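**Student:** Reproduced below are the annotations present in TrEMBL:
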- 27-50: transmembrane segment (TRANSMEM)
- 70-91: transmembrane segment (TRANSMEM)
- 112-131: transmembrane segment (TRANSMEM)
- 176-201: transmembrane segment (TRANSMEM)
- 222-248: transmembrane segment (TRANSMEM)
- 260-281: transmembrane segment (TRANSMEM)
Amino acid sequence: VLALFFNFLALYLIITRSRKAIGSYKYLLIAFLCNDVVFSVVHQLCQPVLSFRGGFFVSYGEGLVDSSFVLTLYGAAGSLAFPLLAYHFMYRAYVVSRHCSPRLQNWRHSRKVAVLLGAFLLLEAGVWVFFNYQLRLDPSDGRIRATIAAAHPNLANRTELIAIVPFINDELNVRVAWAACPLLAIAGSSFVCIIAAAFKITYALYIHTTTSLSSIAIHKRMFIALIIQMLVPTLTMIAPSMAAISLPFLPRVSIDIPDWLIGTCYSLYPLLDPIVITLCIRDYRWGLYQLLR
């Protein structure tokens, strides 16, 4: 509930307090926060338990809704943090490197950006939902159910869960590998885009500057805010997700992660993200001050 409050507060500030200088970046922020809202609602409904034990990962719900499809939406909403962060960095790199062209400035402020962003995100969300859904437990697969029950006796009779069990009796589970590898590839490519965009931004702002000092100062503040904003999903969402997807593919991994750890990290993500956005960007920080005054 607290996460929803902060997200709606941040959305209100972005919609009402964004200056023209922010441009279409506000649409990226809105997309990020809308994704946070979906994630928060599904988290509240599912009360998911995320466990890495016995060399594999399982996720199941203990809330009002525990269906595999809703857990898929939960995983997809969290996974969208990867491409959304990449879009943030690519947008900032584009603006910094192209700020000299009035035509591009006008295009940058256009609502066409919002339409294009929405289309890309819908496509991306569809991909994440599809591959996450392939990771649901097949109730007819007795070998996987026996493997899960050996490490989680309480799940012996449960059929609605997400399971990443890539090895069964030292044999590769092709179905799970086929579904998990594309997710790792998308996350990895998003990380590469972030690094490349960050390098381009750094070069344009600190090495080869061709614009006024005031414009450079604005771009530097936005870049620093973006880096700080990146830390929240990286530490609370991306790192646990990458561990949950990739660790099971390491043969004979004996690491057992406490059941509460990943779930706690995931629950912090939609709570901290709007707070960081509100406090790091001056327009919204000042807008919050005026509301509280």
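Numbers run from 1 along the shown chain.
Cβ atoms are placed via backbone N, Cα and C, with glycine included.
Annotations in TrEMBL come from automatic prediction, not curation.
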**Student:** Report the listed stretch (70-91, 112-131, 222-248, 260-281) having the maximum count of Cβ pairs within less than 8 Å of the transmembrane segment (176-201).
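**Tutor:** When the Cβ pairs under 8 Å are tallied, 70-91 comes out ahead.
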**Student:** Going along the chain, which residues at least six beyond the ends of the transmembrane segment (27-50) come within the CB cut-off of under 8 Å?
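**Tutor:** Here the qualifying positions are 1, 3-4, 7-8, 10-11, 14-15, 57-66, 70-71, 73-74, 77-78, 80-81, 84, 87-88, 91, 113-114, 117-118, 121, 240, 244, 259, 262-263, 266-267, 269-270, 273-274, 277.
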**Student:** At a C-beta cut-off of under 8 Å, are there same-chain residues at least 6 beyond the transmembrane segment (260-281) that contact it? List them, or none.
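**Tutor:** Apart from its flanks, the transmembrane segment (260-281) reaches 2-3, 6-7, 9-11, 13-14, 22, 29, 32-33, 36-37, 39-40, 43, 48-52, 78, 81, 222, 224-225, 228-229, 231-233, 235-237, 239-240, 243-244, 288.
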